[in-house]
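I have placed the structure first, in the form of structure tokens, so that the comments after it can refer back to it.
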Amino acid sequence: MDSNTVSSFQVDCFLWHVRKRFADQELGDAPFLDRLRRDQKSLRGRGSTLGLDIGTATRAGKQIVERILEEESDEALKMTIASVPASRYLTDMTLEEMSRDWFMLMPKQTVAGSLCIRMDQAIMDKNIILKANFSVTFDRLETLILLRAFTEEGAIVGEISPLPSLPGHTDEDVKNAIGGLIGGLEWNDNTVRVSETLQRFAWRSSNEDGRPPLPPKQKRKMARTIESEV
């Protein structure tokens, strides 16, 4: 196993522990708590994949961070902070919408890269809107936290989420996953729209009513990708 993979996991575990202590003092805002919950799932998946205990990794990560801080000068820290581009966290969904459990009558699931696409193929003839929470850097989607498909009644009928065991994805990965979800939903004569935030940063190809146009051939291709169950 690559040593950098192990040490990266150890540092991530310790930093998550620090953030959790911060949240326990009721100091975190909604985006902070949302990322904390998502990162916890990611760490569990990575720990399982690597065969590493999170508690042991957290203690090792603490030693690594302490060693770095001992060697870090205030001036070097200022220069590092100044060179890192600031990311923005954008939210279409409330914390309740993100954390709500949902169920599928005809569940379909597929994996697209490091993203998992889930949808209920029992849904027909509905008006559906896609909402997402994600971070943006340089006006481009950086990290998708969660995307969900809602009916006009507020029911959740689809979802795109990062796989905890496969961290890392590009804005193009997200766009392809959105296309797959849309194609699967439209196959059952649903009308799908994308939120303004998603149009701007993740989809970038929609008509005037916010409904991304997909040619019939592409729709059929996208729908077929949804058909494969995991």
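Glycine residues also receive a Cβ, built from the backbone N, Cα and C atoms like all the rest.
Just so it is clear, the model here is predicted, and its values are computed rather than measured.
Looking at the stretches 117-126, 127-136, 137-146, the one that Swiss-Prot records under the feature motif 'Nuclear export signal' is 137-146.
Swiss-Prot lists region 'PABPN1-binding' for one of the ranges 87-94, 95-102, 103-110, 223-230, namely 223-230. Mean pLDDT, taken over the motif 'Nuclear localization signal' (34-38), works out to 84 on the 0 to 100 scale. Beyond the motif 'Nuclear export signal' (137-146), the same-chain residues lying 6 or more positions past its ends with a Cβ under 8 Å from any Cβ of the stretch are 34-35, 38, 85-88, 93, 98, 115, 159-162, 169, 171, 174, 201-202.
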